[in-house]
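Undergrad: There's a structure below that I have some questions on.
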Amino acid sequence: MRLPLLVSAGVLLVALLPCPPCRALLSRGPVPGARQAPQHPQPLDFFQPPPQSEQPQQPQARPVLLRMGEEYFLRLGNLNKSPAAPLSPASSLLAGGSGSRPSPEQATANFFRVLLQQLLLPRRSLDSPAALAERGARNALGGHQEAPERERRSEEPPISLDLTFHLLREVLEMARAEQLAQQAHSNRKLMEIIGK
């Protein structure tokens, strides 16, 4: 009893204790060809511009991890290439510059715009016009083998809940009657044995 408790407590402690940050995120590394004194690594903030050094560096895009439905997209810099997000004026300005980086405000605006868009997407029912059009396009692309099965399903009337519960009640009554018949048979046998 104590061993599983101790093991589960240990697993929870390991899972919940803060771990040291990833070294790849701590520093960008030395600039090639330049000698630098050893520095203490500082965590990076993806929405803040990196500190500028004396020598010019190539601009690097910062990744933003964004959850879209059940898939994760890794976007570098701006999020205007997201399939679910239309181009906003801020993101179209970002795409215009060849080596320009998005400002922190634009990056956060893009992130939250796409996140809100995903949260506010209407849930489509199976009989909505958009869902019917999507199914029609899928059938036109190669779902012809499902047509006979779908026709067969549409011919059968749907089973209502009342009918389902009625059938369940009848099955339970039949089982109860069979159990009573078996009990009566065993009682008869017992009475025959005792009566002899």
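In case you wondered, yes, glycine gets a Cβ from its N, Cα and C as well.
As listed in Swiss-Prot for this protein:
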- 38-47: compositional bias 'Low complexity' (COMPBIAS)
- 85-104: compositional bias 'Low complexity' (COMPBIAS)
- 146-156: compositional bias 'Basic and acidic residues' (COMPBIAS)
- Ile194: isoleucine amide (MOD_RES)
- 32-61: region 'Disordered' (REGION)
- 85-105: region 'Disordered' (REGION)
- 136-158: region 'Disordered' (REGION)
- 1-24: signal peptide (SIGNAL)
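Are these features on the surface or tucked inside, and what are their neighbours?
TA: Cβ neighbour count for Ile194 (isoleucine amide) (all protein chains, 10 Å cutoff from its Cβ): 7. The DSSP secondary structure for Ile194 (isoleucine amide) is helix.
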